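Just below is one structure, and these are the notes that go with it.
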Ligand code: SAM
Ligand code: SF4
């Protein structure tokens, strides 16, 4: 399934809920979100039907995200069902980790072998500041549990924010040195709760890399499973790797293989492009699988060649990261 620019689209990221148990300052307002009633978001049966159709069209990888995917009850059932689709060879989640440790065995049992955690600080007081919640111990438990269960790969996504966690870069690299984590540094993007975003809080990945090279010997890594937009580096003598995701300084749009589905069932070709294809309304008027396939193809055709984040798309975006599923 190729788009207008010849990119093979085989990756579907699904936001299973807008809700979250944290309130990261750059992502959600303190009061939380306008909660959709259960009719407003797709049921698991609807998501499954859409993944099945996507799989018939060429989707091979699925990532469940949110909001916080683990606040949605019985997520393991959806994982199990998706895992049974013969075309899907990779299923993953992106989570803040707060509920992970308690659900980990069940998740592993349902067929989940890999997980991405979002962790922006390794200091409990700073965690409380940035997420507005006191849950750092739970996140530490999650990281330990994922290693204990030998999940592989276990990735940690860290948004680097100048003046907040740029002085922890070395600590994150040390974590990847001591444990088999793949720590990925992500450039801070002007999307989400824009009151918190400022251009001078953004640190480019080249700046981060220079900072790391003062203390560690790093070299471009061989492939890490789950090939995405990150550039990976080995740390000499270390168990894990580090990676860099540079949506701001070096966009990777020419390699983009993904479609995104919001919790309300809207398909998007790009995180930053507000054009959407409404699958939920179609589903609920009883359309055929063939019609749904056509809607998938429409969304793929709308996929832009590249994002225009550096020239204003972030502020024009009509959705937040927790709605699209970052
Ligand atoms: N709640 C889950 C979590 O935090 O992992 C999944 C959803 S969250 C929206 C997905 C990712 O988007 C997180 O890694 C978060 O740090 C990232 N994110 C949100 N706003 C961002 C921004 N303005 N710049 C860069 N990354 C952002
Ligand atoms: Fe929740 Fe993830 Fe947004 Fe933080 S980044 S508020 S954990 S959805």
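Just so you know, glycine gets a Cβ as well, placed from its N, Cα and C.
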Listed in TrEMBL for the GTP site shared with 13, 63, 155, 258, 259, 260, one of 94, 131, 285: 94
Lowest local Cβ density among 20, 27, 253, which the record lists as binding-site residues, within 10 Å: 253
Number of other Cβ atoms within 10 Å of the Cβ of residue 256 ([4Fe-4S] cluster 2 binding site) across all protein chains: 23
Pairwise Cα distance maximum in Å, S-adenosyl-L-methionine-binding residues per record: 26, 67, 118, 189: 17
In sequence order, those binding-site residues of 26, 94, 155 whose CB lies under 6 Å from ligand 1: 26, 94
Binding-site residues whose CB lies under 6 angstroms from ligand 2, from 20, 256, 259, 270: 20
Structural state of residue 27 ([4Fe-4S] cluster 1 binding site), classified by DSSP into three states: coil
Where residue 253 ([4Fe-4S] cluster 2 binding site) falls in three-state DSSP terms: helix
